[in-house]
Amino acid sequence: MPSRIPLPAFCCFLLPWAFTSFHKALGNPAPHPGPHYLLPPIHEVIHSRRGATATLPCVLGTSPPSYKVRWSKVEPGELRETLILITNGLHARDYGLLGGRASLRRGHRLDASLIIKNVRLEDEGRYRCELINGIEDESVALTLRLEGVVFPYQPSRGRYQFNYFEAKRACEEQDGRLATYGQLYQAWTEGLDWCNAGWLLEGSVRYPVLTARAPCGGHGRPGIRSYGPRDRSRDRYDAFCFTSALAGQVFFVPGRLTLSEAHAACRRRGAVVAKVGHLYAAWKFSGLDQCDGGWLADGSVRFPITTPRPRCGGLPDPGVRSFGFPRPQQASYGTYCYAEK
C-alpha cells in the first residue's frame with residue numbers, strides 16, 4: 001500500500017511554505033539569515049537648495065566578495081527608475097541623467113555615497129542605492145528635498161488657460177518647475193491660500209485652502225482640494241510652480257517706465273528684467289521687501305512684502321502682491337532686475 005503522511009505531520013510540512021508564500025504575496029520578502037551589507041541611513045530625507053552640493057549617504061557595513069552598487073532616481077508619477085551611476089567599488093560609470101554633476105564620495109573603501117553638485121530644481125525626488133551581489137540584492141531609498149517656495153501662476157489671458165504641458169513650460173519660463181504635491185502641501189502649511197486650481201508635476205489638479213469659504217470649495221475644513229484625474233492635453237487650469245534659492249540678486253529700479261524702458265534700464269545695469277520665480281525666490285530667501293510695483297519679464301507688475309504695513313498691499317500677511325498685466329506702454333512702474341553674481 002502507498003505510504004500516507006499523517007495529517008499533523010503534513011500540516012507541519014505545509015505551514016512554513018504557506019507562510020513564506022503569503023509573506024511574499026503581501027510584498028514583503030520573507031526573513032532570511034543572510035548578511036545585510038548596506039547600513040540603514042540615519043536620515044532618509046536630505047535637505048538642500050538650488051546651486052548647493054548634496055550628499056546622499058550609502059555605506060556598506062562590510063564588503064561582499066563581488067558586488068556592484070547601482071544609483072537610480074525614481075521618477076514621480078511614473079513606474080520607472082532612471083539609472084544614474086554604477087560602481088564595482090573600484091571604477092564608476094555614470095549614465096548621463098545628472099551629467100558630470102554626479103560622482104561618488106569615496107570617503108573610505110565602503111563608502112558608495114552619491115554627491116550631486118550644483119543642485120537643480122529637477123534633482124528633487126526619491127533616489128535608490130542598490131547593492132547587487134548576485135545572491136541577495138538589497139537597497140536603501142533616500143529623498144532629496146529642496147528648500148523653496150511655491151507660487152501660483154496664470155498668463156495675461158486670465159485664469160485656466162494651461163493644459164498640463166503648457167503649465168509645465170510656463171513654470172520653466174519663470175525660473176521654476178511644476179510643484180509636486182508634497183511641495184504644495186508644505187506651502188499650505190506655511191500659509192499658502194489660493195482659490196484657483198492648478199496643475200502639479202504628477203499631473204493632478206489641486207488648490208490649497210486655509211480659510212474655507214463658499215466660493216472656494218464650500219465651508220468645509222481647510223486642506224488641499226483635488227479635482228481628481230484630469231486630461232493632460234484637453235483640460236485647462238492654472239499652474240503651481242516651485243523655485244528655490246538664486247545664484248544672483250534681484251534689485252529694484254524706481255521710475256515711471258514702460259515695459260520696454262524697464263528692459264533697457266536693467267540692461268544698463270548689467271542685468272535683465274526679473275522673472276516671476278526670481279522675485280519669489282528673492283522674497284523667500286533674501287527677505288526682499290519693496291512697497292513699489294515693478295515690471296517683470298512676463299509683462300506683469302508685482303512687488304514683494306515681508307513686513308505687512310498700511311498702504312502697502314492692504315493684506316495682513318507677507319507675500320508677493322500683483323497688479324496683474326498692465327498695458328506694456330503704461331509708464332507707471334519701476335522694474336525688478338536680476339543680475340548673476
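Using N, Cα and C of the backbone, Cβ positions are placed for all residues, glycine too.
Annotated signal peptide per Swiss-Prot: 1-27, in sequence order, evidence recorded as sequence analysis.
Annotation source Swiss-Prot lists domain 'Ig-like V-type' at 35-143.
Secondary structure at Cys129 (disulfide bond), as computed by DSSP, is strand. If you look up Swiss-Prot, you'll see Cys58-Cys129 (among others) marked as disulfide bond, on the strength of similarity to another entry.
Among the features that Swiss-Prot reports, domain 'Link 1' is placed at 149-243, with the record citing sequence analysis.
What Swiss-Prot lists as disulfide bond is Cys171-Cys241 (among others), and the listing cites similarity to another entry. Same-chain residues at least 6 positions away in sequence with a Cβ under 8 Å from that of Cys241 (disulfide bond) are, in sequence order, Val150, Phe151, Pro152, Tyr153, Ala170, Cys171, Gln174, Gly176, Arg177, Leu178, Ala179, Val276, Gly277. In the three-state DSSP assignment, the secondary structure recorded for Cys241 (disulfide bond) is strand.
Cβ-based neighbour count (10 Å, all protein chains) for Cys216 (disulfide bond) stands at 17. Residues annotated as disulfide bond in Swiss-Prot: Cys195-Cys216 (among others).
Under DSSP, residues within the domain 'Link 2' (246-339) fall into helix, strand and coil as 21 helix, 30 strand, 43 coil. The domain 'Link 2' annotation in Swiss-Prot covers 246-339.
Under a cutoff of 8 A between CB atoms, and with a sequence separation of 6+ in the same chain, the neighbours of Cys266 (disulfide bond) are Val253, Val272, Val273, Thr335, Cys337, Tyr338. Among the features that Swiss-Prot reports, disulfide bond is placed at Cys266-Cys337 (among others).
The feature disulfide bond is assigned by Swiss-Prot to Cys291-Cys312 (among others), with similarity to another entry given as support. Take the CB of Cys312 (disulfide bond) and look out to 10 A: across all protein chains shown you find 15 other CB atoms.
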* Quick one: of the disulfide-bonded residues Cys129, Cys291, Cys312, which has its CA closest to the CA of Cys195 (disulfide bond)? => Cys312
* To do: Output, ordered by sequence, the same-chain residues six or more apart from Cys291 (disulfide bond) with a CB under 8 Å from its CB, or 'none'.
  => Phe303, Ile305, Arg309, Arg311, Cys312, Gly313
* **Residue pair Cys216 (disulfide bond), Cys129 (disulfide bond) - Cα distance, angstrom, rounded** => 43
* Asked: In sequence order, which residues at least six apart in the same chain have a CB under 8 Å from the CB of Cys58 (disulfide bond)?
  -> Leu38, Pro41, Val69, Trp71, Asp111, Ala112, Ser113, Leu114, Cys129, Val140, Leu142
* Asked: Near Cys195 (disulfide bond), how many other Cβ atoms are within 10 Å of its Cβ?
  -> 15
